[in-house]
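Colleague: Dropping a structure here in structure tokens format, bear with me for questions.
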Amino acid sequence: MEDQGVSANTMKRILLVINCLILSIGVCGGPLLMRLYFVEGGSRIWLSSWLQTGGWPLTLIPLAVLYFYRRKIKGSDTKFYFITPRIFIASFVIGVVIGLDDFFYSWGGSKLPVSTSSLLIAAQLAFTAIGAFFIVKLKLTSYSINAVVVLTVGAVLLGIRANSDRPEGVTSKAYVIGFIMTLSAAGLYGLIIPCIELIYMKAKQTITATLVLEIQMVMCFAATAFCTIGMIVNKDFQAISREAKRYNLGEARYYIVLVWSTIVWQCFYVGAIGVIYCSSSLMSGILLAVLLPVTEVLAVIFFKEKFSGEKGLSLFLSLWGFLSYMYGEYKQEKQKNNKSQENEMTTMNSECV
């Protein structure tokens with residue numbers, strides 16, 4: 001029994017590492033591809049929102065692999081799916097909110113440099129911590145509270161001189177709206193993550209990798225459906241061919257950017273929900289924050305963005321907040337292990353007596 005427990009923990013750690021790598025691809029690549037779309041002539045906000053979850057059918061591939069693996073072990077009696085109507089409805093509702101969040105983020109991404117929008121998105125860690133405290137009753141330590149405060153200060157610092165890195169062709173009003181939209185996206189996503197964890201807690205069934213992927217697919221499907229309605233109302237489908245012909249990188253590369261955007265953004269959602277399953281909602285938020293410097297550097301390299309003193313200080317505060325939280329988690333885990341060892345010693349002494 002003990003060996004089985006160790007084996008299960010090892011497998012969960014391996015899954016956590018895999019999901020962290022998948023999430024890293026989405027976190028770093030998604031914003032860069034979105035900015036590439038807008039910088040080179042793209043202008044459809046709803047289309048950009050749709051791309052963030054439009055790759056949901058890709059989830060069918062790992063689901064099919066898992067199904068045939070189960071079938072090989074259990075035979076023809078294996079269940080085709082695990083999601084219940086209750087979980088389906090909850091996932092669908094969250095998916096619609098994700099669609100709205102995608103729209104906010106795309107609006108902000110169309111007006112702000114990647115380096116600025118990424119720093120603002122880092123504030124979602126603060127919203128995730130607060131959301132996790134109220135929604136899943138996560139206990140906040142002095143370290144996590146410090147992380148929330150520091151990340152909030154970092155976002156405020158960027159807002160003080162918001163127009164200093166305004167891209168060409170973007171008005172001051174549009175930039176401010178983009179700033180607010182991106183911060184709203186961070187806040188909304190920070191609340192979405194604990195809600196996903198709440199689904200796991202209230203599921204009343206074993207949470208398996210298959211169920212996690214099913215939940216993720218339903219959420220992305222709902223978000224895509226929401227954005228599809230926006231595209232129809234905004235007549236984006238009719239505009240795609242015209243926009244492709246005018247795209248600075250050429251028509252073929254326009255479609256390549258769209259296809260890779262759907263793939264990379266799907267990595268983001270699969271990785272995020274996988275990290276929540278293997279660890280916690282706050283761990284997912286933490287990983288988004290720690291990948292911030294990578295996205296920053298890539299934005300400066302590929303888009304020649306300015307890296308001002310305000311951004312540098314904001315980045316420092318983001319890293320400070322991340323390290324503060326991680327140190328708090330380390331201390332908490334150490335205390336748990338010490339307490340567990342003390343309980344084992346007490347039990348052993350009682351048995352000896």
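Just so it is clear, glycine is given a Cβ too, placed from its N, Cα and C backbone atoms.
Not measured: the values here are computed from a predicted model.
Copied straight from TrEMBL:
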type	residues	note
TRANSMEM	14-38	transmembrane segment
TRANSMEM	50-68	transmembrane segment
TRANSMEM	80-100	transmembrane segment
TRANSMEM	112-136	transmembrane segment
TRANSMEM	143-162	transmembrane segment
TRANSMEM	174-199	transmembrane segment
TRANSMEM	211-233	transmembrane segment
TRANSMEM	253-278	transmembrane segment
TRANSMEM	285-303	transmembrane segment
TRANSMEM	309-328	transmembrane segment
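Map these features onto the structure and tell me what's around them.
Modeller: Within its own chain, the transmembrane segment (14-38) is flanked in space by residues 48, 51-52, 106, 109-110, 113-114, 117-118, 121, 209, 257-258, 260-261, 264-272, 274-275, 277-279, 284, 287-288, 291, 294-295, 298-299, 302-303, which lie at least six positions past its ends and keep a Cβ under 8 Å from the stretch.
Within the chain carrying the transmembrane segment (80-100), a Cβ under 8 angstroms from the stretch's Cβ atoms is held by residues 49, 53, 67, 188-189, 192, 195-196, 199, 203, 205, 208, 210-211, 214-215, 218-227, all 6 or more beyond its ends.
If you look at the transmembrane segment (112-136), the same-chain residues 6 or more away from its ends with a CB under 8 A from one of its CBs are 31-32, 35, 105, 144-145, 147-149, 151-152, 154-155, 158, 165, 167, 175, 178-179, 182-183, 185-191, 193-195, 197-198, 201, 280-282, 284-286, 288-289, 292, 295-296, 298-300, 303, 305-307, 311, 314-315, 318, 321-322, 325.
Taking Cβ pairs closer than 8 Å, the transmembrane segment (211-233) reaches residues 44, 46-47, 49-50, 52-56, 59-60, 62-63, 66, 81-83, 87-88, 91-96, 98-100, 102-103, 196, 199, 203, 205, 266, 269-270, 273-274, 277 in its own chain, all 6 or more past its ends.
If you look at the transmembrane segment (253-278), the same-chain residues 6 or more away from its ends with a CB under 8 A from one of its CBs are 12-13, 15-16, 18-27, 29-30, 33-34, 36-37, 40, 42, 47-48, 51-56, 58-59, 193, 196-197, 200, 207, 209, 212-213, 215-216, 219-220, 243-244, 247, 284, 287-288.
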Colleague: When you scan the chain for residues with a C-beta under 8 Å from the transmembrane segment (50-68), skipping those not six or more beyond its ends, what do you find?
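Modeller: The answer is 30, 34, 37, 78, 80, 95, 98-99, 102, 105-106, 209-210, 213-214, 216-217, 219-221, 223-224, 227-228, 230-231, 236, 258, 261-263, 265-266, 268-270.
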